[in-house]
Structure formats: structure tokens, C-alpha cells
Amino acid sequence: MRYPPTLLIIATKKLTAECCGYPISIFFIVVNEFCERFSYYGMRAVLVLYFRYFLLWDDDLATSIYHAFVALCYLTPILGAIIADSWLGKFKTIIYLSIVYAIGQVTMAISTIHDITDANRDGTPDNFTFHIALSMLGLILIALGTGGIKPCVAAFGGDQFQEHQSRQLNTFFSVFYLCINAGSLLSTLITPVLRVVFIAGSGMYVKTDPEGNIMWSVCKCIGFAIKNRFRHRSSSYPKREHWMDWANEKYDKLLIAQIKMVLKVLFLYIPLPMFWTLFDQKGSRWTLQATTMSGDFGAFILQPDQMQTVNPILILTLVPIMDRLIFPLIQKCGLNFSPLKRMTVGMLFAAMAFVSAALVQIEIDKTLPNFPSSSESQLKVVNTYSTTLNVTISPNEHLLIESFGVQLHTSKHTYSTISYVKSKPREGKNAIRRDFVLRHGEQWCEFSRKFGFGASYTFLIPSTVFSDDCESITEVEDMKPNSVHMALQIPQYFLITTGEVMFSVTGLQFSYSQAPKNMKSVLQAGWLCTNAVGNIIVLIVAELGKLPKQWAEYLLFASLLVAVSIIFSIMAYFYTYIDPAEIEAQVRKEQGLEPEEMEKETLEMEEKDEDQKNEQGVKQTKI
């Protein structure tokens, strides 16, 4: 049934109230994203140290499980996209999976309470299996929650804009990314209270209905095209313009055209995981690097896991500067700084960040003591006499030790190793002051010492300690405190953050702009999967690489990313930007179909007539 053009004036989108040119509903979405990231990054910031010092895993295992969790967080968006597009819609998917997310956070919090299994109250859990199992369950639920809503939130935000708000739509993604990092900057205490903000805006949202299992339709169409092409592989069959055209016999041309657009972008995604391989190590390797550095800034003491806050602080600074100053200035200079070129430059900045991290690591390694290997032993001699002591180790080896001094002697052996400190203390705390109370019967005294992070000390306590109120206690520094300052990590954080702004923010905008309307969640899920693959690469390198020096691993990753960025720049050079709506309209026109807007308007007219008829029938029944 067709209507005269004069009647086709019904809006295809629900009209929404605006503020400063933006739909009011956008502000609820932005606040919700702030809260979600608030929660996620607050937990993730201390996760690798939780593995290292609560569950007592070594550096490599802690790094591997950390990146396995992050990878899972970026694989589950595929599930979220399927649920949103084929079943619940974006709004309900965000609500329901947020509940799963909250349960996961609570489970994770409970797993950290050592008193649950600490029967003798010695501060150490008696059953590590219970805590590991509970924490893994919590992390899986968090991954399902945060990953499931990832492809929905950005796409749901984009759905709120009308056609005349294209400029505001582009700005939205920058503001959206700002809120991600503002949320990661703050703690997680008030997250459960603020999460209700998203639900409060329910009546204002433009909620698009699920359009069937689009992911499954895409997979079936691609599978049929491959199978049909294989059947007709003989040269007697004429070639087709695109291999997806072999699905023409069974599937709609519009769907095929949409899949072509998606595949074109997904092909560009192939090199992208390498960026995330480097980027997400700021929460693992870089945090562990900070544990071997000094966080004494004079006015305050910065702990290793707090160093990660530099990233969101820089994001909040750089996004507005890039969006309002740098990019417009480049455009005014007549340079074509396209989205894909920005992403390439962002990858190079990330590579430079790891070169900077390698240089910092080299400086750290210079300050580390030489520990005995498995074929060596180390003897520690402390002189508690008031005079210099001459110690003979062997006929040809003599040690001259000053009063209350320490001498370490390392020698080669093939049969045994004397037990001694084999690594620097790395408990995740910096410059701790401790108060000690010594008691013997009715006698007691108290003394206080500040311990530099990474140091090891021996305290010599004489028998006269109580007569001089602990003044005679002598402190011997076995291992010097960390001397390389955490401020040296700031350049690498600045470089990685600059790369993130150019790569990630631009990538979000690019993915949304190049996706057909009904596949935006699918393409967002594909974008997030590149992050998952990147973390899997870190996991593999951490478990299998086993490079002897950490700085060498940093340079390896930097070199790989430079190589990948060159490949990506070549792929980007041959990419042609498209307007999905224009291509869809052209396909509809070729098929003799009505434009999408006219179809919706016609359907709305028919539904309105049907409602009027039903209302008349009800009135007649009442009469």
C-alpha cells in the first residue's frame, strides 16, 4: 500500500528533547559510561598486585592471568552484540548485563577477604584454592558484564542523534572517551549508587528494536558464499565482481552489500591487535616495573599501582586539546590527516613509549644487586664488635669488616647454595614507616624506622637495649632502596596516552561511521576483539618468550608494532571511505524498493490506521 508523498512526513526517529544541540538522553549514557569505567579500572588497577602478593603468583603467571582476563573482556562483546541485535535490544542488554557485572564485582571483593579461610588468624589464607576459585568466578562474571555492554553503549549513544546532529555525533565519541578515562581516574566506592543514573533516563532514549540475529545471518550468508564459490570453482563459470556475490542466489542483495562493507573494515582490523598488545601492559609489566622504583615525590608518596592514574589524567587533558586545537590546526594547514592516518601515527607513538620503557628498565637494572646464581653461594658476615674485624674465608681470601658493618662474599660452588635474599622486596608499598616494640618480661622499649622501598635491612640488637631505650639498636642496610624515580615513567605514559587518543578515539569514530545501520554493534564488537587478541599475544609472550632481560622484551614489542604500523599504513592507503546509508539507498533503488524511511513511515501509517480501527471497535462494543 502506497501513500501520497504529502502524507509521508512522520519522523523516522523518536523526537527527543535537546540541550546545547545534544539529545538530553546522551547525558545519561555518558554518566553511565563514567560509572562503569569507574568500577572496572578501579578493580583492574590493583589486579596484577593482588595476583602477585595475595595469591603469591610469580610475575609471569600474574601477567598471564591479568591479560587472559582483559582478553576475555574484549571477546565477550561478540556475545553482547548478538544478544542486543537478536533478542533484548541495546537498552535491556546494558541493564541486565550490568547486574551480572555488579555480582562479579561483589564476588571478586569477597575473594580478597583472607579471614574467610584464615582459621588461626595469622594473616595468611589457609585455603588458597577457595580464594583463587572465587576470584576467577568473579573475573568471569565481570568479563561477561563489561564485555557484553561494550558494543552496545557506544552504538546506543550514536542511535540518539538525529540526521541534523552529525557534528554533535562526532563530538560525542570524544566526550564518551573522556568519560571512560575520568571514570578510571577515580575510586569505585560510589559506583553502585551512580549506576542507577542510566535507568533514570529510560523514558528519553531512542530504543531501536532488535532486528533479528544479524550476527547469525551474516555468518550464514558468508558461509553460503564460500560454499557456493567452491562448488563453481571451475573456469567454465563466469567470475563475479566480489566473492560475496556468490550468495546472490539465496540472500538479499542489501544484506550482501552490508556484509561487504563490514568485511572491508574487518580486513583493516587485522594488524590492530598489536597496538593493544603494548597498550594494556601499562597495567601489568609497567606496574611491576614501578615496584622496583622510588615513588617519593617529597610532598607525597606514590605507590606503584597508583602510577596508572597518569594515563587517565593525560587523557582528560589531551582529548580536548587534540579535538579542539591540534586536529583543526592540521586541517587548516591543508594536510589530509584522515582517521586511518591518525591511527597509524598513534601506533608509532605507542612504539616510542615502549622504547622509553626499555631505557627506564636499563637504568633500573644498573641499580639492582648481583644475586647468587644456582651454582653460587653467598655468605653474610656482620661485625658486632667495637673494632675492625679481619675474617679469613680461605688462605687467599680475606675480609676486613668495620665495626657494625656488613660484608657479602659470593663464591662459586657446584654442590650447594646458602639461603639468602634472592630478589628485591616487591610488596607493592613504597617508603613504609614501622613502629617496633621490644618486650622482655617487664622491660620494653619502642623504636621507629622508615624503610625505603626495595631495601633489605638487618637490625642488630645488643643485650643493653632496654637500658638505653632502644637507642643502641644498629641498622645494617643489606640492600639499598630503589633509587630510580617513578617520574621517569611519565614520558612513556605520555607517549602511550598520545597514541591512545589518536588510535582508540579515532577507531571508535571510524568503526561507527563505516558500519551499516543494523550492524554497528557487530562492527563495534569486531573492534573490541582486536583488544582481546592483543592481550592473548601478551599472554603467549609472557609464558613462552622468557627473554632474560625485561628491556629486551620492551624493545621486541616496540619493533613489532613499528613493523605492523607500516603494514597498516599501506592497507589504509588503499582503503576508500564510504557512506553506508548512501550505498544502502543505491541497492534499494536498484531492487525497486522504497527507501528505508518511506518503508518505516508506511508501516507507521498502517499501524496508526489499525489502532484507530481497534479503538472504534472498542467504542462500539461499549455502546
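Cβ from N, Cα, C; glycine included.
All annotation found in TrEMBL is predicted automatically rather than curated by experts.
The stretch that TrEMBL tags with transmembrane segment, taken from the ranges 6-31, 32-57, is 6-31. Most Cβ pairs under 8 Å with the transmembrane segment (261-279) belong to 554-578, among the candidate stretches 61-82, 94-116, 343-362, 554-578. The stretch in 61-82, 128-149, 490-510 that contributes the largest number of Cβ pairs under 8 Å to the transmembrane segment (522-542) is 61-82.
With pairs at least 6 apart in sequence, the transmembrane segment (61-82) and the transmembrane segment (343-362) have fewer than 3 Cβ pairs within the 8 Å limit; the two do not touch.
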